Amino acid sequence: METIWIYQFRLIVIGDSTVGKSCLLHRFTQGRFPGLHSPACDPTVGVDFFSRLLEIEPGKRIKLQLWDTAGQERFRSITRSYYRNSVGGFLVFDITNRRSFEHVKDWLEEAKMHVQPFQIVFLLVGHKCDLASQRQVSREEAERLSTDCGMKYIETSAKDATNVEESFTILTRDIYELIKKGEICIQDGWEGVKSGFVPNTVHSSEEAVKPRKECFC
């Protein structure tokens with residue numbers, strides 16, 4: 001029997017090269033850390049695709065399409081084309097790499113420039129928190145930046161699985177709540193949110209899972 005999911009969200013993962021975006025996605029979708037010398041942790045060339053179902057409430061599942069983007073400048077033109085069709089994103093930096101943190105605002109501004117006229121919800125992720133002794137960015141500083149930029153902040157480690165599941169759950173639930181409030185709408189021609197496979201009997205919160213030709217969110 002086909003798995004029931006009420007929505008499909010397309011999420012993009014952005015940030016500098018080597019901050020661990022691919023390792024985070026492997027941990028979340030496959031439940032394992034591929035290892036520092038695994039090809040899975042090599043810098044992404046262009047864009048890679050991952051997928052997983054996430055249950056946000058009992059009996060309510062969201063299908064996540066996850067796009068892992070290259071951090072290198074030569075692939076940025078490819079990355080930019082994926083912003084517009086994403087409803088959410090993880091903006092990842094390495095807590096042991098000060099420069100990756102300093103580039104957070106650049107990534108955010110680039111995303112905002114290319115997402116118009118749609119809305120994208122971001123979560124700021126401080127990765128590699130298992131390397132706390134090598135930290136170059138304090139939690140307090142990262143939290144200040146996230147507040148200034150209107151994002152939530154979480155620290156994760158793909159190596160020991162710290163907060164990996166939680167980070168994807170937080171962003172997925174935030175988007176789901178905005179849909180229920182009518183602040184994010186399903187629209188024809190936009191891939192960010194799609195209605196899913198639901199039973200004939202739907203709950204009131206799911207009755208709005210219908211595409212709209214116009215949205216004034």
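Every residue gets a Cβ built from N, Cα and C, even glycine.
Listed ranges 39-47, 129-137, 147-155; the one Swiss-Prot annotates as region 'Switch-I' is 39-47. When the binding-site residues LYS21, LYS128 are compared by the number of other CB atoms within 10 angstroms of each CB, LYS128 has the fewest. The DSSP secondary structure for ASP68 (Mg(2+) binding site) is strand. Looking at CYS23 (GTP binding site) and ASP68 (Mg(2+) binding site), their Cα atoms lie 10 Å from each other. All protein chains considered, the CB of SER22 (Mg(2+) binding site) has 24 other CB atoms within 10 Å. Using CA atoms as reference points, the binding-site residues SER17, LYS21, LYS128, ALA158 were checked against ASP68 (Mg(2+) binding site), and the closest is LYS21.
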